[in-house]
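What follows is one structure encoded as structure tokens, with my remarks underneath.
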């Protein structure tokens, strides 16, 4: 795996950051892109750089991370996290998902996860960045300097975020299912 310093990063473009990370990895076996969202597009995540306080959370409409599944456990790669790069999955899960706090929240905030094998994510994701444009056609946040992702195909980011969508080579999981997959 590459270091955090080698990873390309642009704030508020997590789907592209993960794409660029996976793209740089020669052996994509065991690497997964994980899209986190829910029906109301409001997912609380803790230990995020965008949080207004140390113990606070961010309410994203979606977030994308990479997970590397290994024999001795899994590692999480989240460039927006305040946790270390290549964080142990169990630590990331405990501190970022914060299930104790989530138990006190409305069920509409429960997160779902679209799990996509790394190789599939590289060929599947297509983004024209239109979701980051204001009504006036101005970017809400500065776009990455690299070219659009798979711009020869129609943009499909919004479909990938909708957890009700059936998309080939992807699996939608709830919190217990994702935990079971990567906690071993």
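In case you wondered, yes, glycine gets a Cβ from its N, Cα and C as well.
Annotation comment: Swiss-Prot describes 14, 63, 78 as active site.
Most other Cβ atoms within 10 A: among the active-site residues 14, 63, 78, that distinction falls to 78. Classification of residue 63 (active site) by DSSP places it within a strand.
The two recorded residues, residue 78 (active site) and residue 14 (active site), show a Cα separation of 8 Å. Secondary structure from DSSP puts residue 14 (active site) in a helix.
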